[in-house]
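The feature transmembrane segment is assigned by TrEMBL to B:12-34, B:76-98, B:128-151, B:157-176, B:188-205, B:233-254, B:291-310, B:322-345, B:366-391, B:411-430, B:437-458, B:478-501.
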Amino acid sequence: MQHDTSGKAGSEPHLAIEAIDLRKSFGATRALDGFSLTVAAGEVHGFLGPNGAGKSTTIRALLGQLRLNGGECRIFGHDCWQESVAVHRRVAYVPGDVALWDGLSGGESIDVLMRLQGGGDRRRRDELVDRFELDVSKRTRSYSKGNRQKVALVAAFAKDADLYLLDEPTSGLDPLMEEAFQQTVREIKQSGKSILLSSHILSQVEALCDRLTIIRRGQTVASDTLEQLRGRTTLQVLATTERSPEALLKSGNVLHLVSEDVGGRTKTSFQVPPTALNDVMPVLVGAGLTGLTVAPPSLDEVFLSNYREGVEPEPEPVASAR
Amino acid sequence: MKGLARTTGVLLRTMWLWVVVPAVVIAGLVWSAAASIQDMYPDEAHRLAYAEVVTDSVAVRVFQGRGYDLTSIGGIFAQETAVVILFLVPLVGVYVGIRFTRWLEDKNYLDIITAGTISRLAPTVGGLCCGALTCLLASVLSFAALVASGYDTVGSALWALALLLFFLWAVSLGALAGQLFRNSAEATFAAVAVVIGFYLLRSAIDVRSWDAVWSTPLSWLAETKPFAETPPAWPYLLFGAAIAGQALLGIFFATKRDLGGGMFAASAGPREAGATLVGPRTLLLRLVRGATLAVLLAGGAVAFTFGFFAKDMATDGLTARIVLLVQLNAIVAAAAGVLVSMAFSREELSGRTGRVLAGLPTRTRWQANGIVIAFAAVITTQLALACLSGLGLSLSLDDWSRFGEALRSNAQQLPAALLIAALSLALGSLDARLPALAWTLVAWAAVVALRADMLQLSEGLRHISPVEWTGKVPVDSWSATASAGMVAVIVVLMGLALVVFRRRDLAKG
């Protein structure tokens, strides 16, 4: 049942999105298997995961398009299924695969979408059309994927929403438009609005998001700030010592250990969790440390370590030597 | 041509139904007509009487064209089937032609296929080959049906050849339109307009007995004279030339246009939406207005012409023709409702309904608007066809009481048309892929209305068609009970549709 209750609640909930233990199956396929997500009001939240992990299913559940098999799903305190219209009053949405009406022009499509979501700011609409360099007089059937995406972005950002649900919003956009997108998101962030940004573009997530959640196989793998996630991922260490640091072989925290003799010295590379760095330093110093480089994990490494099947966020120690 | 076999194979694997179904439907109609005509005109006397009636009838010339060899059973068969063949085969043909040569491209599947090691022309030529296969299958099955029904073998072979060529002409016209225009919808609209133009030209030539049968392919069909002692060669040759010309032009344009485009540039649209395009209802109206208007125009033209010539066609009584006219109006109105229902479901399958429902409209409001617009399309169509057929009847009989009678009879059939549309909407509320199933009921209603006597259908089979439930108005008295029952079923179906749609997952969003 849907209740068209008033949009803004009297006492503003602290959380923009509160999804707990979401479960959704399509036949034998479990799309969401106990997934949880919280997005604070005023936060830009990255939503990451491999293809088919359950990102779009989550967003469709948040919009009340899918009936969950279990779990609780609320936006600003409103139940996403029972009170979908109250939710939609405060939400703007950009789908990943934008389907538009062939017979309408781009301008007509933007206006129709704006009117369906309760209106919008016309001056803002025109400003966004200019910013995204969209020819609104063209029929949408002649639009490229990028231009269709721009229509959805302009229609969503022209709405003064409290929460923006963006499902891979920049797929198909060129780098200049990507910059325009990031500028718009920053403006929205400055005005205190919340954004859930599902994306595969890691640099975009790094540039825009306060926190992020990683989903895999319908389950939460990690949910934290990027810095915290980096802290949980292994550091890359390259050390030059006078002798071979044999004791490292015995350390349970060292991963991918490779040593080789170069000009009478031993060059050793390995990975180690940040918390274990203190343990390995005495071993390196004891072996006559003459050079040391410690690199934080790249963004790609952070995500890949969480994306890979069977790889848990916390590393399993494996050591090898040559 | 590199990749032709592979492309043709892909088309046949993915669209084999488009080869089989049109061929089987056409051959089925041929078989039913062939068998019944044998029974209806068993001897010389019956055939002579038929020839006399047909030769003098203006209505027959309008709908069936000129007849030849009408004292032979083959000639009568060719003349009697012309009413269906002249209309059905070109329409099915252009649709098959466009479907095979353009559909993959419209769905964006072709980009990935043509990115492989295949010739640029392979999809177009492969589509033409598949279309030709459909024609060949229809022709072979029809030939078998004729021979099995005891018709002259040589005449049957020539009639089947004429059918093959006529069908191929329509398929190649569709293929040509598919290369000229930017998408299937535009191509279908243009090709159907050409077919209707040729149909009207043929009607005028036949009614006025102009010596211009060479000017339209719809006249060439009768001119093939398959059951004559010495059939002329020129119609067969003209068909061959037209088919080759259209196919080659289609292939030529395929080399000149962009993938996903046509030969004509798209016109610019408005930069802003008009003030009327404000909510789900106006949006839905905008989406279905083209298809509804096309049904209204085509159905209206047929209804007026049918009404106007009903007196001339009344070999089995004027009232029987009026009953048929009212039933056909209801079937066309039901078809308009099913078209709207399918357009509504297409919105969901494309993901646009999900986008709409991410805004403020509730599911109930969206679905209710779909129901209202589908029913409005049915009522408007039935009312317009009632007025036009009543006008034709009144003008022809110089009796304006016929106008009121037509309005009343059509209104009495309205619940049947609404019921078929309601069924389609209810199926769509269960699953967005299901509304097309309602076409089987529309088709069955048409078979019962047009062929029930010829096919000697039992009462039970006839009453599967809701159009039969009301009674044969205006001849029989209207059954208020049946109409009230249908309205009750419609109300229940729509109530269930609203509840089910509100509670289920959207197909895409």
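Keep in mind that glycine also has a Cβ here, set from the backbone N, Cα and C atoms.
TrEMBL entries are annotated by machine, without manual review.
Of the candidate ranges B:12-34, B:291-310, B:322-345, B:366-391, B:478-501, B:12-34 has the most C-beta pairs within less than 8 angstroms of the transmembrane segment (B:128-151).
In summary, the transmembrane segment (B:188-205) does not lie against the transmembrane segment (B:478-501): fewer than three C-beta pairs, each 6 or more positions apart in sequence, are under 8 Å. Away from its own ends, the transmembrane segment (B:291-310) comes close to residues 58-59, 62-63, 189, 192, 196, 318, 321-322, 325, 328-329, 332-333, 335-336, 339-340, 343, 377, 380-381, 384-385, 388-393, 395-396, 406 of its chain (Cβ-Cβ under 8 Å, at least six residues beyond either end).
Non-local neighbours of the transmembrane segment (B:322-345) in the same chain are 284, 287-288, 291-292, 295-296, 299, 302-303, 306-307, 310, 370, 373-375, 377-382, 385-386, 389, 393, 405-406, 409-410, 413-414, 416-418, 420-422, 424-425, 428, 432-436, 438-439, 441-442, 445-446, 449-450, 467, 472-475; each lies 6+ residues outside the stretch with a CB under 8 Å from one of its CB atoms. When Cβ distances are compared across the two stretches, the transmembrane segment (B:437-458) makes no contact with the transmembrane segment (B:478-501), since fewer than 3 pairs at least 6 residues apart fall below 8 angstroms.
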